[in-house]
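The structure under discussion appears below in the form of structure tokens.
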Amino acid sequence: MDRLLIRGGRRLHGEVPVSGAKNAALPQLCAALLSAEPVTLLNMPRLQDVSTMLRLLHHMGVGVERSDDGPLRIDAGALHTPEAPYELVKTMRASVLVLGPLLARRGAAKVSLPGGCAIGSRPVDQHIKGLTAMGADIVVEHGDMIARLSAGRRRLKGAHIATDMITVTGTENFLMAATLAEGETVLENAAQEPEIADLAEMLIAMGAQIEGHGSSRIRIQGVDRLHGCSHRVVADRIEAGTFLCAVAATGGDVLLRHGRADHLDAVIEKLRAAGADVQALADGIRVQSPGGAKLKAQGFRTTEYPGFPTDMQAQFMALDCIAQGTATVTETIFENRFMHVDELLRLGARIQVDGKVAVIEGQPRLSGATVMATDLRASACLVIAGLVAEGQTAVERIYHLDRGYDCMEAKLHGIGADIERVPA
């Protein structure tokens, strides 16, 4: 198990290539199950969660080919085992995304209840409710979701699905399943994240008929079959946002190549209000900052897209810890998503938490210490804090970081950070 050693105090300058989005890549790997023809995915990030998903697909009989830095080719023509066993899904929440494609393509699936970050329950009941409306019979037994088509059905059927809450993975599961369903499916209260729109574009390239993706109401007309395609995974807005916060905190001038400013409106608005200069360019996003100590702390409330993303809450909190003034942060999406606060306190931050609300009082300095990552985005938060802390910070349990960031320490080192990965 590795850890990161960070010696803070360096400004960041240069360029960082933004990788493909984890939250787009994982559903797109699952979407390849919908076709018997090969699918090629470009800009696929090298992440632990991606590796786990590829092992799961291989277990099902799916062929996977990937060169060192080239495209990823997936051939589900020989799909023979529509199952996702616990030993392969226990570390990855996104494994539930195979449920819809397997039902649509094979008419049956057995998927263990998934694991992933310990930041809340994130129940699968909405998935079960929606797929049941499409003609599936689903029971949960011994930790597995066992699904099959209702008696007499050969395909899923179109349905009108209005979820009780906005669910990203639920929207993705219904979207994929509906492409091969009989008739029309309408998704109300659909999640609007850019990664869902990117998934829809991939499905359309495979022959799906989809309208309204990127809005809260999506219409899908089912087709008999989908063919293969080539698709480029959209840039990771959370990785880009993380680097924006890092540069804002340390000070410097960095171009995030391939970054999509239009996917980060809420975060960029807060960074500009704090005093950072963030520019949307044709080839990415440029951020210039005098450093966190000269910025003004900004409060925010996490909400579904296009609001402030919960996946950026921890990283922006790290910036607030050294900015001027006091900020109030309200987390509305997940419970237990302030676990990074105790670790920030070890670095000298001043934060008070009351339920879903955290109040951060900016401090003139943080001091390096050993801290422990508790989840994916908390890991990134602690890295940012370490970049500005005086002395050395050691971040333990960075396997969380490897689940969602492609070579983060190498990218930071390339723009001037004093950071290295060492055995724990």
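Backbone N, Cα and C atoms are what each Cβ position is placed from, and that goes for glycine too.
Summarising the annotation, Swiss-Prot assigns phosphoenolpyruvate binding site to K22, N23 and lists sequence analysis as the type of evidence. Within 10 Å of the C-beta of K22 (phosphoenolpyruvate binding site) there are 24 other C-beta atoms, taking all protein chains into account. K22 (phosphoenolpyruvate binding site) carries a helical DSSP state (H, G or I).
D125 (UDP-N-acetyl-alpha-D-glucosamine binding site) has a Cβ environment of 13 other Cβ atoms inside 10 Å. Marked as UDP-N-acetyl-alpha-D-glucosamine binding site by Swiss-Prot on the basis of sequence analysis: R93, R122, P123, V124, D125, Q126, D311, I333.
The 2-(S-cysteinyl)pyruvic acid O-phosphothioketal annotation in Swiss-Prot covers C117.
The feature active site, proton donor is assigned by Swiss-Prot to C117.
A count of other CB atoms within 10 A of each Cβ picks out N23 as the most crowded of the binding-site residues N23, Q126. Around the Cβ of I333 (UDP-N-acetyl-alpha-D-glucosamine binding site), a 10 Å sphere holds 20 further Cβ atoms from the protein chains shown. N23 (phosphoenolpyruvate binding site) and R93 (UDP-N-acetyl-alpha-D-glucosamine binding site) are 11 Å apart (CA-CA, integer value). The Cβ of P123 (UDP-N-acetyl-alpha-D-glucosamine binding site) has no same-chain neighbour under 8 Å that is 6 or more residues away in sequence. D125 (UDP-N-acetyl-alpha-D-glucosamine binding site) sits 20 Å from N23 (phosphoenolpyruvate binding site), taking the CA atoms of both as reference points.
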